[in-house]
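The following features are taken from Swiss-Prot:
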ACT_SITE  12  active site
BINDING   166, 169, 172  Na(+) binding site
């Protein structure tokens, strides 16, 4: 089994949808190294801080947990200010020699804002309340955008979009974890 940098990015799809006063983040459970499925029920979506922030990650698991811990520290430093906490984390991520090597991306959300954080220092907010990361991210994003105008609620859109991504992306499965917040 090989474990190269490119291979570590395969193995997940994380999607968030903000609709009808709710924000939902969902992720599949597959962890792959190369062409081998290592685990099918990993939990890549969770509540952060005091439960008022939800997040999901794609990339190297240990790196993502390190970033979640750093984000929780920033949330303690800047309570109720998710955007500020994320910008401060992104600054550290870009400038710290140790953090710069971490290979992960994150989607985080609170009742007001949804953000994608990348190792290049990007902190991005979607225009339409929908965004996705990971190997099946583009498939899930397209499906969610198509379903956003329907009568389906945010959780249904996330679940259905992740199922569609799992049907297309070999690094994504149907073991979905969902976290939600009501505005």
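Numbers here mean position along the shown chain, with the first residue as 1.
Each residue, glycine too, has its Cβ placed from N, Cα and C.
A map of Swiss-Prot features onto the structure.
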| residue | record | contacts (Cβ under 8 Å, 6+ apart) |
| --- | --- | --- |
| 12 | active site | 27, 28, 30, 31, 42, 44, 57, 58, 59, 134, 135, 136, 171, 172 |
| 166 | Na(+) binding site | 13, 28, 136, 172, 173, 174 |
| 169 | Na(+) binding site | 13, 135, 136, 139 |
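Those residues of the chain, other than 166, 169, 172, with a C-beta within 8 angstroms of the mean position of the Na(+) site C-beta atoms are 13, 28, 30, 135, 136, 139, 140, 162, 165, 167, 168, 170, 171, 173. Secondary structure at residue 169 (Na(+) binding site), as computed by DSSP, is coil. According to DSSP, residue 12 (active site) sits in a coil region rather than a helix or strand. In the structure as shown, the Cβ atom of residue 172 (Na(+) binding site) sits within 10 Å of 30 other Cβ atoms.
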